[in-house]
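Down below is the structure, laid out as structure tokens.
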Amino acid sequence: MRKTVAFGFVGTVLDYAGRGSQRWSKWRPTLCLCQQESLVIDRLELLHDARSRSLFETLKRDIASVSPETEVVSVEIELHNPWDFEEVYACLHDFARGYEFQPEKEDYLIHITTGTHVAQICWFLLAEARYLPARLIQSSPPRKKEQPRGPGEVTIIDLDLSRYNAIASRFAEERQQTLDFLKSGIATRNPHFNRMIEQIEKVAIKSRAPILLNGPTGAGKSFLARRILELKQARHQFSGAFVEVNCATLRGDTAMSTLFGHVKGAFTGARESREGLLRSANGGMLFLDEIGELGADEQAMLLKAIEEKTFYPFGSDRQVSSDFQLIAGTVRDLRQLVAEGKFREDLYARINLWTFTLPGLRQRQEDIEPNLDYEVERHASLTGDSVRFNTEARRAWLAFATSPQATWRGNFRELSASVTRMATFATSGRITLDVVEDEINRLRYNWQESRPSALTALLGAEAENIDLFDRMQLEHVIAICRQAKSLSAAGRQLFDVSRQGKASVNDADRLRKYLARFGLTWEAVQDQHSSS
């Protein structure tokens, strides 16, 4: 049978009752722990400092009189400040690491009633992390007034038991609410995007380091940056504002002035001093979209502001300070800009700690339907006009939106515009098939203008030498290739009829040879698509 071993602090307040016989009239948690009829403590290891040695000896004698089978062991520790979390945790952590546990022979309990609140928290953390393979035990005084000298009650808390899963499930529910918040409540289905949001959630809560968001225009970089700030504000991590600027709009002296501010007379026309966006973001978040467009001087000053949280306003010889978190957005490959000498390598290294690439809408076809529902609801909240799709109209729009013809070059911004147009033309709050067909034609027209550029990007001037008949067919083939996961999958879709009558098929080889007629390869089509 395993022995029961308990650890605890000598309670300098609760365990102290003087030295006379009157001490037996006071409830003392450590003594009463050893008086429980249903629990026999075989060994009690009491932690105390040198000043509490006398109190420990008194407890040891009293325990021997009420529970002679209990061995009481002195564990002398040195604590300068029992309310200092770092010191107490380090002390108990060292104790746990140095103790020779024998869980196959002994059952361990941690008495958390004595000791400071800091000590109780540290006991809990060490038990939860399994540095101490023990259950928690809490003692309480007797409830009945007619039994003032009774041993009271004890409660054992096993952090491994399923009854405490409810606590863990609360954290899980809260975390899911956080993920939904970052996604604006949209039930996204794309696994890559969902994994990325889970990572962003952890970074947003635990880190204040710069975050770099890559992705095409309209993929939601600015929106996500704002949600990250709101999440931090909800957790009381930030109290400042969200400050946003597109760096592509900053040129010349106005770039310095806009970002870092200026003093009066810094340049022609500077009649008043200006605070600048970095100072406006103090205590909050600064979102620099298209950060790759910043000039060399601005990059150097931004690096100093990130690292030292100080900078010089334009035209000033006095430093100012601003403590903000930076989120940068870009559609360009900053690594390539660094290689070309157009972007500072040290700045890139500083903002590249947390990098996330937001996929475009075309890469998240599973999320088109839930985002459609979100945009419909958003339109209703903005305008007060509730609209709904007819079943046939909804089916037709989704079929086109997820087809190879739908390039969604404007991504979610374009999807939002599409919903706005259909909602505007809705009759009596219903989006009909006629409205959807008009919208599909409008989108087709918009996207047709961009199609030749895909061929031109692949073939250059040679694209002009291809007949219109072949060019239109090739464009459609390329669109399907870009939607397919593999060469074989694209071949099966393209040769879906002719392959039925053949005993053996090699769709991948047929497609490879077709592309080769125009000097193209599967790899070239995919590479150009991923970089576009």
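Don't overthink the numbers, they just go from 1 along the chain as shown.
The backbone N, Cα and C atoms fix where each Cβ goes, and this holds for glycine too.
Per Swiss-Prot, domain 'Sigma-54 factor interaction' is recorded for 186-424, and the stated evidence type is sequence analysis.
Look at Swiss-Prot and you will find 215-222, 281-290 tagged as ATP binding site. Listed in sequence order, Gly360, Leu361, Gly410, Asn411, Phe412, Arg413, Glu414 are the same-chain residues six or more apart from Gly218 (ATP binding site) with CB atoms under 8 A from its CB.
Counting residues per DSSP class in helix, strand and coil order gives 12 helix, 0 strand, 8 coil for the DNA-binding region (485-504). Summarising the annotation, Swiss-Prot assigns DNA-binding region to 485-504.
Residue environment of Leu288 (ATP binding site) contains 27 other Cβ atoms, counted within 10 Å of its Cβ in all protein chains. Lys221 (ATP binding site) counts 24 other C-beta atoms within 10 Å of its own C-beta, drawing on all protein chains shown. Under the three-state DSSP scheme, Leu288 (ATP binding site) falls in the strand class. Averaged over the DNA-binding region (485-504), the predicted model reaches a pLDDT of 84.
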